[in-house]
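**Student:** Sending over a structure as C-alpha cells; questions will come in a sec.
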Amino acid sequence: MSLLLGTTITISSNHWMMAWTGLEINTLAILPLISKPHHPRAIEAAVKYFLVQAAASALVLFSSMSNAWATGQWDITQLSHPMSCLLLTVAIAMKLGLVPFHFWYPEVLQGSSLTTALLLSTVMKFPPITILFLTSHSLNPTLLTSLAIASTALGGWMGLNQTQTRKIMAFSSIAHLGWMTIILIYNPKLTLLTFYLYTLMTTTVFLTLNTTKTLKLSTLMTSWTKTPMLNTTLMLTLLSLAGLPPLTGFLPKWLIVQELTKQEMTTAATIMAMLSLLGLFFYLRLAYYSTITLPPNSTNHMKQWHINKPTNIPTAILTSLSALLLPISPMILTTL
C-alpha cells in the first residue's frame, strides 16, 4: 500500500515538497521487503539502499530549495536555476543507479529476493523517471548524454563476467537506463515508452526465474527439467530484452536511434548501438543456458524433473507481450 501511495504522490504532484515526500515513502516502504529474509546479505542490502536513497532524497530537497530561493518557484516544471538543475540530475542519477552512482545497485539486488529485485528494477524506478520527465526541458543535454553513454558501456561491460542472474539483471537495468536517459531531452515520451517496455520484459524474466527458483547460471542450466516450455519462452524474452529485430525489445532501440539521427547526433547513436552489442553477448549466453539440454560438465545441482505446476496466466500474457508487440508498433506510435 505504501509503495503505491508513494509512487502515486510523486507522479501526480507539481510541488517539490510533495514529490520529495512520495520518494521518501517509497524508500521506507521497500526497506522491510529487502530485509525480510533474516540474512546478513539482506540486512546489508537494506542498509546500502537506505543510505544511498536518503542521500539522493536530501539532494533533491536541496536542489528544489535552492531553486525556490533563486526563483521563488516551488513548481516542478519551473526548474530554471543552473546549479539546481545539476544537483537534481545527480540526485536522480543516484536514485536510478546511473553511472557513476551505480555501485549500490547490483549489490542491493544481489542481497534481495527475486520478487523484491523485481520491485527495485521496475516500480521503484518510476517516480525518479517521472521527475526527469517533468524537468526534461531544463536539464543539461551534454551531462545527460555523458551519463547515458557511460551507463550503457558499463552495463554491458560489467554484465559479461557475471554468474548470478540478479547481478546480470542489475547491469541490464543500468544499460537500459542509459538508453532512456540519452533520448530524454529530445523526446521525453520515448523515454516513457522505453521504460514501459523494459518493465514488461524485466517483469517476465524475473517471474520466470522465480518460478524455476534460478539464482545462478549453473541452476539455469538444469532448470529446463522443471518447466521446459517456460524455459523456451524465457529464451525469447531474453533476446527481446537484448533488442533483436523481430521481438518487442527492438522497438525502443530502433526509435531512439532514429530520433538521435534526426537530432544530428549520429555519433552518439552509433556509439549506443555498438555498446548494446556487449549486452547482447550476455543475453545470448543466458538464452543459451536457458535452453541447453545437458550441462557441458558434471554439476553438483540435483536435476528436478518436470512436475505439473498450476497454470500461471499473468506470466503467459507477459511473455507473449514481451516477444510479440513489434507488429502492432504503428498503433503504439500513433498514440504517442
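Positions of Cβ are set from backbone N, Cα and C atoms, glycine also.
This is the feature table in TrEMBL:
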type     : residues : note
DOMAIN   : 13-278   : domain 'NADH:quinone oxidoreductase/Mrp antiporter transmembrane'
DOMAIN   : 280-333  : domain 'NADH dehydrogenase subunit 2 C-terminal'
TRANSMEM : 15-34    : transmembrane segment
TRANSMEM : 46-66    : transmembrane segment
TRANSMEM : 86-105   : transmembrane segment
TRANSMEM : 142-161  : transmembrane segment
TRANSMEM : 168-186  : transmembrane segment
TRANSMEM : 192-209  : transmembrane segment
TRANSMEM : 230-251  : transmembrane segment
TRANSMEM : 271-292  : transmembrane segment
TRANSMEM : 313-333  : transmembrane segment
**Student:** Cβ pairs under 8 Å only, please: of the recorded stretches 15-34, 46-66, 142-161, 168-186, which one is richest in them relative to the transmembrane segment (192-209)?
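**Tutor:** Checked against 15-34, 46-66, 142-161, 168-186; highest Cβ contact count belongs to 168-186.
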**Student:** Checking distant contacts: for the transmembrane segment (168-186), what same-chain residues at least six beyond its ends satisfy Cβ-Cβ under 8 A?
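**Tutor:** Residues 96-99, 102, 105-106, 109-110, 117, 121, 125, 129, 132-133, 136-137, 139, 141, 144-145, 147-156, 158-159, 162, 194-195, 198, 202, 205-206, 241, 252-253, 256, 259-260, 263, 268, 272, 275-276, 278-279, 282-283, 286 contact the transmembrane segment (168-186) from elsewhere in the chain.
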**Student:** Taking the transmembrane segment (86-105) as the reference, which of 15-34, 142-161, 230-251, 313-333 gives the largest number of Cβ pairs under 8 angstroms?
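**Tutor:** Stretch with maximum Cβ contacts: 142-161.
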**Student:** What average pLDDT is reported by the model for the domain 'NADH dehydrogenase subunit 2 C-terminal' (280-333)?
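**Tutor:** Taking every residue in the domain 'NADH dehydrogenase subunit 2 C-terminal' (280-333) and averaging pLDDT yields 74.
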**Student:** Looking at the transmembrane segment (230-251) and the transmembrane segment (46-66), are there 3+ C-beta pairs under 8 A, with each pair at least 6 apart in sequence?
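**Tutor:** Output no: the transmembrane segment (230-251) is apart from the transmembrane segment (46-66).
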